[in-house]
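Have a look at the structure below, then the notes.
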């Protein structure tokens, strides 16, 4: 070991020679040393991102603001090692004063034990101080006392009450004529407003005049409570105490937040007074003229002095502090109607003054909304007594519940808690206080008053998730859900927001005795007595519930449904359930058209004209948030504020054009528009858009997004007891449970069809509106429901994942497989009473009866006029009598502009040897295909002499059947089947009547030559109807669009340009194929961009070349007279490339 004063020698142990060496091993050499990486201390690594540490010129370090810090920004709590006594006091010592009075010291000597707040330097002068340190509970916090601009160093000093406990002086104001205590140096008035205000009764100092006013009113209350003989003594300390210059006087105990006055039990029959810590931070400014105020206060002649009774003497001090013209405080200031100097009277005095002065001022100025806000938690109250009662909750909680160890600040709160929470052995007769609105019962009257059930709309809205609540207490409970889940159940590890809820949940896992104290639950241990709640059974139906409260709610369902929805007629047991139900109707307004919306609004008693001026505003997240910028009035609910600005200021607010709701705030309106998916590119709306990063769905609040994300976790903890289906959320399970009921309470206003769930009704309404949000990526077909789109997509893949283990049959859907299994298990139990056909499920039987046996209005075949009575008969007729006809209808061209030019004045059919027959198209029947006449095959000599009518709507001609050039086996002569029919109904742009229609005469008929291996069995014709709506005209040009049906490949092709692709023959097919062709012309027409342009390889649709052999030049048909002037189609134009989609 080295001697004292010498450097310590580091010895290194060598494993090889088993010796210590002071430098290096003589045989193996030096040791390679690896040092740790540099790690910031805890104090420096915990620095917030908007702060930074800078080194000053004198070498010291300070904390500086990077961004703007507004006033009343709180930092903390201060973290450090806590000791009973300091070894060495720091430059800014901190203590925490416990309930028993013993202080605990903060050891700030080590940066690794503290957070960044230890690096903030204390202020030396008052103008340098911008942070205030104070104790709250068992921690110390820093709060900004003014706005701090970027680049300013943070400097801290003690708050007034905390400085008194720490026995530290307040900082003095440098360069002003006011002492640190706020007492003027001389009697001359100070021009500038002092930064601190002093009480002339007890010399307490205050940073704000408002705090001094409320403090003086406390002295007034004390003077009023003293007997008459003692009042002279109460007014004695009116002299200004001589204080040494630069040394402030000791701050009295009255300046502490947790004052003795707050800890006193309030006297019976008297409202507790408001201490200075309870001062309102949001005060309504009074805009009444100052002359009127002077007139109110003038109760004495101008020259008559005022008697100096103690209460009036203190009120003299109050008014003297508020009068800018006052220079003598020995008497009440004299106000006259003709004073030239203006009088400034703070609204805080009007709101807080007592007795006659307060009554007189309120009587003259009129009642105004009063706002009282807690200094500590910023909670708002409507009156000072509630604020006084609330502030005590931030102080010491001396009353402990013996049952659950919960602490209370008032004994009354403890009694109410014990009576309400721990009276489980009382009989049901003790529930004698019943709510007249929802019929909920309570044991004590105060619990009924706290219940505060409302019958009007939910007006309290959460700022996080925008959810509405009927009472402020329910909103406060709900807000805790947005915090962290800190309490875990020891049995199942489930997390909770509140400890009391966790303990109640944990009791459900326990078995044994009936009563268990919460101390035993918190202590835990192996010897913990098990407890289980005694179940409660319904006396009507016998259903068992885990607790009596749930049973009481269920018991209401056996009573009469007294509350009826005026919109849909549905009845409810409780009015709060009815109120929630009415909100569902408003959610579906967006799916209605203008007529339906007007009818709906009229049904609920609001007209659209009145809606512009008298619409209600959804309530805000917290009462008293709305403040009118013009008259400074505040409102507790949004509809009150909206009514105010409409009636008083003649403003209309912000109205939603979709659902006709109106909002007073623009921010609320923008958040509402996210629901309708409107104005999403607007930056004002985008800040309310919260997209899901997994599926891309957007929400207008973080709370709704977080609830949605539960679906993506894959955890489905809520299972249906009837079918076993699981869900991620409890509300989804409740919605699903309606599926098992046979009650279809949700009726469609369009068709009257009943739905079991609101979700199903919303999707059903989309069908009536034609809203199809989901598109197949393969064929671009759109669907209204996602489940139908997913089922459709499986047809493209051909994957069948589900197999019946009994017979081996595979299915693409699980529900289809489950239905099939019923054949093996229960058999076909449902028999048709008409034809004795049997089915597995009742639904299949109902569909059979509906389609087969139910008589409907007689339907006529559009081709031959045959009338049938059922849909099944019509399908059977078309299948047997007209197998060659395929109808393709275009019913909706809403996406096209008003005037459209389609690059297709004709639709040509490329087929072997076709014959087109004339059809009589009835006038005024727009969109219906003409009846098909009988097929006629004329001989060539008859064709030549056949006259062509001049007024024919369609050209009629026949061509001689030609043989195929290649060998196609026995199918050569039968390849040409029935006549190809093309019926096109278009709006005539030359006719003014929109309902008129003309036949398209420019039909291209092209015989084709196929390869030897190509086989045809049944070439199906096309009937195209409703190509345009009666309100819209289409301008046509002379270009030709040809549609080809390939029966081998089963695809439809378009011809519009020369064939420039070499085609290879196809292999021979084994058997002829009969193909049913479907072509979506709506997709074709709407996808041409720009309209009128030629189709090309760069078309938005996916096109592929279809093999085709060289096309023979067509034989020209005999053209009718009206077609004589049209140009003939050249042979080279017939050799076109075919594209399939």
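Heads up, the Cβ atoms here are built off N, Cα and C, so glycines get one too.
Taking Swiss-Prot as the reference, the stretch among 349-371, 487-509, 510-532, 901-923 described by the feature zinc finger is residues 487-509. Swiss-Prot assigns the feature zinc finger to residues 399-422, out of the candidate ranges 279-302, 303-326, 399-422. Per Swiss-Prot, the stretch carrying the note zinc finger among 372-394, 947-969, 970-992, 993-1015 is 372-394. The zinc finger annotation in Swiss-Prot falls on one of the ranges 158-181, 830-853, 1022-1045, 1046-1069, namely 830-853. Helix, strand and coil counts under DSSP for the domain 'SET' (49-159) come to 7 helix, 44 strand, 60 coil. Mean pLDDT of the predicted structure over the domain 'SET' (49-159): 90.
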